[in-house]
Structures are given as structure tokens and as C-alpha cells.
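Positions annotated as signal peptide by TrEMBL: 1-26. The site 'Transition state stabilizer' feature in TrEMBL is assigned to ARG64. TrEMBL lists HIS68 with the feature active site, proton acceptor. Marked as Ca(2+) 2 binding site by TrEMBL: THR197, ASP249, ASP256.
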Amino acid sequence: MENHSLPKLHIAPLFCLLFLTSLVNCQLNYTFYDDSCPSLTKIVRYGVWTAIANDTRMAASLLRLHFHDCFVNVCMPLQGCDGSVLLDGGEKNALPNLNSARGFEIIDSIKSNLEKACPGVVSCTDVLTLAAREAVYLTGGPYWSLAFGRRDGLTTSETAANEQLPGPFEPLDNITRKFAAKGLDTKDVVVLSGGHTLGFAQCGVVKPRLFDFAGSGRPDPSLDASFLQSLQSTCPNRNESNSNLAPLDASSSKFDNVYYKLLVNSSGLLRSDQALMSDNVTGSMVVGYSKFPFLFYKDFGASMVKMAGIGVITGSNGDVRKNCRVVN
């Protein structure tokens, strides 16, 4: 992860004023790149497929990167899905991303190939949005239609990322409020949490539940006993195990509904995931998705479309970066 920030990234207030003085009149369009970059989907799909073939964790990484991009509003209230997480400095250095956010080089590679096929046309934000869908689709998950035309933001903020991204230790009420601030509801919380059917978590995030839950000196009592024993083996109570990886569900390289089945059995890896079972409303949704995978797939696609529309920049605002790591 690069730690430096570029001079242009320090003038966020000026850009915010510029964005806020003009309303976004242009809308996203399903045919936005049909003429200007007809090979877009093919190039992105091949790039994502190659990345997953080399590293099965990459599907989860790209999905998480898209989520972390859309959830950070650098410039209230307009910016959200704006590729700001891809800029060097700022959000990359925030606690939820530092040493854990991955996939930047995959987006760079895809963008480089797109610049050869259709230079200066496709924004980094649209590349990331499409890459996240392909990551889900190529691992057995649903396919959903995407509208395009997002422009890239000009700013990135470490502080905004630290404040706005939901964390694995937060209570459900906090997470729900953060979703609501982005125009997402309780159903979206449950559905998008299902993205944790892919990937792993570092043991440093998990170990408080295993050995010192809420400062009690004991494990989280809600954890299934056999699951607890397995996790303690993967994540022993030693500092050197902090970077070990624990799977978020039993089929961590396949997009399915096993995540919800584990929650029903008190075997959710993250405290924030298992908390979904502590509420009657969210708990009943979890049970439903554990029984009906196609319902989960349908709702996941719908929630991803909602998320991909958070605070997009369109029209003449923002930028279409040539290099996703720096503004033009």
C-alpha cells in the first residue's frame, strides 16, 4: 500500500463546492458504452476471470473494494461510487483498508487494456463497478444488469473512510444507521452482508470473539462450541497469528447462501455478521435466505444496483482518469 498522497488530493473543499453548485442532470445509461467501447464487458470479464484463476480470494477482494468505494462520501452529499478508493493516499490508508484492501493491481491491468481498446472513455469507477459484478457472477452468483456513465472523483479522504465504513466490531444498530445514511435499508444490510459468502478475514479481527469477548476474558457465548474450537486452532491466541486467514464461510471461493446457514447455526465468523441473528427482523431474513438461495441471488443483485448508484458523478463533473491511482 502506498502511503504518500498527491498535492491535488488536499483541496477537497474546493472540489466539494464545485460539485455542490451544480445538480447532476445526466443519468446512468445501460447503453452508455455500446458505441464508444463495445468490448468493455469482454475485457473486464477476462481480466477478472484471470485474476480469480490466479488467486481465488480476488473475487471477494474486488467485491469488497467496490463496497468500500461506494460507502465513503468524500464530498457530502454527492460523492459515493466515484473511484476514490483507487486513488493513492487517502482512503487506501484508512484503518478498514490498510493492509487489507486488495485488487488495485487488477483494476489497473483492466484499465490499461481498456485504454488500448478505447482510450479516455471508461471511468475507473465503472471499471470497478463492473469488475465487482463479474467477480460475483464468475464464482457462481447472480448476474444483474448495470447502467454506466459514472465519472471519477477528484478527492479521497482517510478520515471519511474511517468514519463511514461499517466495522466488524460495531453493533447492528450502528451498521444499520450507516447504511441508512447512504439510502440503504435494513433489507440491504442483510442482503449485502451476504457478500461475506466469499473470502477470508484476518485473525486479528476475529480473535477478540475467541478469547476476550467484550473484555470478559472468555469467548463469545453465542459461538457454536465446535466452530469455536476450530477457529481457535486457526487463530491461536498469539500475536503472530493476527495475519492468519479464517474463511468467512465453508465455501469461501463460491458465491452461495452457506453464509446464512452458518449464521443460523451460530457459526458466523464476524461479530457483526452473527449480530444479524440477534434481531427479529434481520434474523427472519437470514433464515429465509438460508432456505431459498435464489431469493438471496435476486435480492443481492437488486441491492448491488442500489449501492452502485450511491452518490455517482455524471455529466461533465469529475473526471475519466487515465490512471486509476491519480487524477488527470
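Yeah, the Cβs are placed from backbone N, Cα and C, and that goes for glycine too.
All TrEMBL annotations are machine predictions without curation.
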- Integer Cα-Cα distance in angstrom, HIS68 (active site, proton acceptor) to ASP256 (Ca(2+) 2 binding site): 21
- Message: Give me the sequence-ordered set of same-chain residues, not including THR197, ASP249, ASP256, with a C-beta within 8 angstroms of the centroid of the Ca(2+) 2 site's C-beta atoms.
- Response: GLY194, HIS196, LEU198, LEU248, ALA250, SER251, SER252, LYS254, PHE255, ASN257, VAL258, TYR259
- For the binding-site residues ASP249, ASP256, which Cβ has the most other Cβ atoms within 10 Å, all shown protein chains included? ASP249
- Within 10 Å of each Cβ, count the other Cβ atoms and name the one among the recorded positions ARG64, HIS68, THR197 with the highest count. THR197
- Reported as an integer number of Å, what is the Cα distance between THR197 (Ca(2+) 2 binding site) and ARG64 (site 'Transition state stabilizer')? 12
- Item | Inter-residue C-alpha distance, ASP249 (Ca(2+) 2 binding site) and ARG64 (site 'Transition state stabilizer') (nearest angstrom) | 15
